[in-house]
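Enquirer: Just passing along the structure, written as structure tokens.
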Amino acid sequence: MKTLLLTLVVVTILCLDFGHTVTCHKTDVFTKTCISPICYEKITSAFIIERGCGCPETSRKVKVRCCMTDKCNR
């Protein structure tokens, strides 16, 4: 009985998301679960060139849009 209870606790911990992660798009199809609570997309000349976790700095030619909800960088 203790083994069953321990197994249920472990499965619950692994399945629950305690709000410390966010799911970000890497491409149109693929996503990644990130520890950082921020997603970004880099845009240049009206084309999205990169997506991922975190919030990198912008430059004159590259605009970066950062957001903080699941799959918000689409």
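Cβ coordinates come from backbone N, Cα and C, glycine included.
Keep in mind it's a predicted model, so treat the numbers as computed, not measured.
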Enquirer: Cys15, Cys34: which one closes the disulfide with Cys53 in Swiss-Prot?
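Expert: Among Cys15, Cys34, the cysteine that Swiss-Prot links to Cys53 by a disulfide bond is Cys34.
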Enquirer: Regarding the disulphide bond with Cys66, report which of Cys39, Cys55 Swiss-Prot records as its partner.
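Expert: Going by Swiss-Prot, Cys66 is disulfide-bonded to Cys55.
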Enquirer: Taking the disulfide-bonded residues one at a time (Cys39, Cys55, Cys66), which has its Cβ surrounded by the most other Cβ atoms within 10 Å?
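Expert: Neighbour-count leader: Cys39.
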Enquirer: Cys55 (disulfide bond): which of the disulfide-bonded residues Cys24, Cys34, Cys67 is the nearest Cα neighbour?
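Expert: So, of the listed disulfide-bonded residues, the one sitting closest to Cys55 (disulfide bond) is Cys67.
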